[in-house]
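S.K.: Can you read through this structure? Questions will come right after.
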Amino acid sequence: MSDSDKKPTLGRRPLGLKTAVEAGEVKQTFSHGRTNKVVVEVKRRKLMGRPGEAAPTAAPAAAATPAPTPVAPPPPPPPPPPPPSASRETRQEMQVRLLREAEEARLAALEAANRREQEERLRAIEEERRRAEEKARAEAEAAAAPAAPAAPAAPSAAPAAAQSAPEAAPAPVAEPEVARQPEAAPVAATAPAAPKAEEAKPAAPAVPAPRRFTPVAPAAPIKRPELAAKKPAHPQRDRKTEDRRGGKLTVTRALNEDEGARARSLAALKRAREKERRAHFAGQSQPREKQVRDVVVPDAITVQDLANRMAEKAADLVKALFKMGMMVTINQTIDQDTAELLVTEFGHNIQRVSESDADIDTSADVDPEESLKARPPVVTIMGHVDHGKTSLLDALRGTDVVRGEAGGITQHIGAYQIKTKGGDFITFLDTPGHEAFTEMRIRGANVTDIVILVVAGDDGLMPQTIEAINHTKAAGVPMIVAITKADKPEFQPQKIRERLLEHEIIVEAMSGDVQDVEVSAKTGAGLDELIEKILLQAELLELKANPDRSAEATVIEAKLDKGKGPLATVLVNRGTLKVGDILVVGTQSGRVRAMLDDKGRQVKAAGPSLPVEVLGIGGVPMAGDTLTVVESEARAREVAAYRQERATAKRTAQAPASLENMFSALAAKNAVIEYPLVIRADVQGSAEAIVNALNKISTDEIKVRILASGVGAITESDVNLAQASGAPIVGFNVRPNAKARELIERNKVRMKYFDVIYQLTDDIRSEMAGELGPEAIETVVGRAEVKEVFPAGKRDKAAGLLVVEGVIRKGLHARLTRNDVIVSRTTIASLRRFKDDVPEVRAGLECGVLLQDTNDIKAGDQLEVFEVEMRERTL
């Protein structure tokens with residue numbers, strides 16, 4: 001029900017408040033006979049007419065507008081008829097009506113939004129034209145001002161027009177939508193603007209055709225001043241207000257209220273700005289000059305990578321290579337020379353680099369003469385085992401190192417520095433004398449300044465003494481001969497000097513240039529003279545180094561300590577090594593955490609010729625590697641990674657594969673027995689010496705295969721490797737840790753512990769011989785000639801022999817040959833002489849034999865009888 005329902009009544013209705021709600025009851029029926037009464041209230045809907053509908057006759061009032069008004073837009077559609085009363089509507093009809101109203105409201109909002117956009121567009125065009133005309137007029141007035149000073153009287157009509165404009169503006173318009181059209185803005189100030197506005201009218205086809213026209217007499221164009229032109233237009237009525245008054249507000253309508261006025265997206269704004277920017281620079285675009293780049297080209301590079309470095313298209317590079325006759329793709333690798341041709345052709349500069357540039361080469365880095373300062377000499381003591389090298393060094397240092405060495409022999413290279421009575425410093429290197437430590441002696445000879453050749457006066461020149469002489473000559477360092485054990489009665493120094501002549505070593509006592517001295521480590525005789533000669537030789541050499549630079553050192557020995565980690569005994573060649581320096585040594589890098597001298601004291605810096613023990617290296621380096629201090633950890637890691645890659649490539653490098661090589665390798669593998677080993681030593685030099693010594697005892701029948709060799713305690717990985725390969729673990733001065741010991745006991749892995757190297761080599765040699773098995777030794781004891789063959793029994797044949805040489809015994813092995821070709825290998829099963837069985841027949845006698853498992857016997861064959869003895873093999 002609504003307020004518009006007018007029912008006829010006989011009398012006047014009683015006074016009272018009208019209720020906007022009508023109540024009623026609805027009976028609901030459910031299953032199982034249940035019912036329920038619900039009170040339903042129906043609210044009346046209040047209808048409000050749109051403004052202007054109540055006074056339709058006010059439309060002619062628009063004729064009072066003095067300015068020519070463009071065609072008015074069509075009036076809004078009449079409001080829909082009021083919906084039927086709620087009491088006469090079903091629920092489905094109500095839903096359909098609400099949906100229809102919501103759809104009509106949405107379409108009306110969309111139409112209003114389109115009209116608003118069209119109005120804004122027309123208004124912007126009109127404003128732009130107005131500004132252009134004002135600018136042109138201002139320029140014309142400025143140009144005409146000097147010629148016609150009386151011209152300002154012309155715009156006298158402007159105030160009158162300005163006065164008449166406000167009177168015409170507030171005239172009521174029949175249609176409320178006319179006030180929102182762009183024509184409601186002030187009329188243009190100049191007459192030529194009117195035809196332009198008329199031309200712009202057909203540009204809005206989106207506006208629907210008008211339903212009625214307001215007759216307006218064409219008025220003369222009125223020239224208005226700028227103030228009137230800038231007067232703001234009448235405030236436009238908000239669409240939301242009209243929507244609010246336009247009937248019932250529904251949920252759908254409220255949610256879709258702003259759908260027609262959607263803002264521009266961020267992407268649309270970006271596209272518009274980019275379009276403006278391109279339009280702005282369109283006239284200024286000029287061909288850019290090609291940028292010349294410095295292109296870094298390694299030894300090998302792909303076409304795509306080269307194109308990226310040149311900032312060129314990869315397809316252009318491929319085309320250029322095609323012109324050069326090279327059919328390549330962008331993923332193929334080209335060499336440095338081809339890359340240089342491409343870089344030059346495209347107008348860039350090339351910078352050649354090589355992978356080896358990542359490495360450090362200090363050989364060409366020579367210190368200036370003025371920066372060099374005197375340094376202590378480095379003296380290496382070399383000689384045969386048990387000739388008293390360590391005892392001599394103990395006498396010089398005042399220590400007793402010999403007593404703590406296993407077997408009384410030196411198996412590590414030691415570095416010490418002593419201070420003489422005169423305050424001078426001398427660095428000594430003690431090298432092992434055993435034949436297995438050749439590499440240690442070579443390293444000692446290469447890093448030293450002076451070599452002291454120790455020869456026992458009661459023993460003479462031995463193999464390792466001669467080897468030390470050759471190493472010294474190869475290193476090109478001066479030599480001092482120390483003839484030891486002068487306290488023994490068998491001491492014969494003159495005999496030693498004469499033996500040295502065989503190796504082109506002439507001592508001063510025999511008019512030569514090699515110094516010699518007779519010493520005794522037990523009594524101390526000759527030690528002062530030895531030190532004096534060392535200092536004299538060092539003075540002649542003029543040993544100098546630059547201490548004020550980055551340090552360089554040589555690794556003398558390296559090991560893995562359980563508590564300290566990787567340790568390296570280094571000898572500083574030049575510069576000063578300090579705590580905190582970043583270093584790279586071989587394939588390892590790190591930072592100096594601490595340094596210890598030969599007495600175990602911590603030092604902060606180590607100058608030239610000072611041996612120190614360095615802590616802080618990432619891994620155990622190889623003995624003989626060069627330690628170099630670098631500027632940063634990144635540089636150290638780069639150098640270490642490059643050296644590691646190079647070492648891996650060298651280790652895994654193989655010869656070109658061919659069928660011949662494959663078959664020969666397969667045959668060699670089948671013919672040679674391999675004896676696998678896992679080796680762990682206390683220091684790097686000992687591990688190296690053990691590997692070299694074991695490789696020397698390999699033969700053509702059996703050879704040692706080192707599965708792994710390292711420094712430090714035996715670990716679980718070593719045990720697992722040994723178990724998988726069936727190899728024994730050899731520990732040299734090391735023991736397994738707790739977990740490894742448990743694995744060894746559980747898996748029954750063989751372990752061998754040694755502390756003297758020659759005991760290790762002897763044991764492995766006997767083990768390898770046992771793998772070969774006993775050796776069969778054949779000894780020929782007699783020969784005979786077959787004179788006649790006759791049958792013996794049903795199948796066998798007997799041979800009548802004449803013993804030519806030696807003796808023939810029953811049960812011995814025999815070879816039957818015919819024309820110097822072995823026919824069969826057999827055994828003498830029966831031996832008779834004149835029908836009697838005899839144990840043996842000597843030379844010159846005849847006999848009959850029955851050979852086992854063979855009947856291929858002919859007259860004239862030769863029979864060779866031999867004994868077989870099984871002996872244990874030796875290597």
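Note: Cβ is positioned from N, Cα and C throughout, glycine not excepted.
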S.K.: Of 484-487, 716-719, 760-763, which range does Swiss-Prot call region 'G4'?
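M.R.: In Swiss-Prot, the region 'G4' feature sits at 484-487.
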S.K.: Summarise the compositional bias 'Basic and acidic residues' (88-102) by DSSP state, stating how many residues are helix, strand and coil.
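M.R.: Its residues fall into 13 helix, 0 strand, 2 coil.
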S.K.: Do you know the DSSP helix, strand and coil residue counts for the compositional bias 'Basic and acidic residues' (126-140)?
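M.R.: Summed over the compositional bias 'Basic and acidic residues' (126-140), the classes give 15 helix, 0 strand, 0 coil.
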S.K.: What number of additional C-beta atoms lies within 10 angstroms of the C-beta atom of LYS389 (GTP binding site)?
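M.R.: The answer is 29 other Cβ atoms.
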S.K.: Which one is it: of the binding-site residues THR431, ALA486, which Cβ has the fewest other Cβ atoms within 10 Å in this structure?
M.R.: ALA486
S.K.: As a quick check of your reading of DSSP, tell me how many residues in the region 'G4' (484-487) are helical, how many are strand and how many are coil.
M.R.: 0 helix, 1 strand, 3 coil
S.K.: When secondary structure is assigned with DSSP, how many helix, strand and coil residues does the region 'G1' (383-390) contain?
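M.R.: Across the region 'G1' (383-390), the residues distribute as 2 helix, 1 strand, 5 coil.
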S.K.: When DSSP states are folded down to helix, strand and coil, where does THR431 (GTP binding site) land?
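M.R.: Once the DSSP labels are grouped into three classes, THR431 (GTP binding site) ends up as coil.
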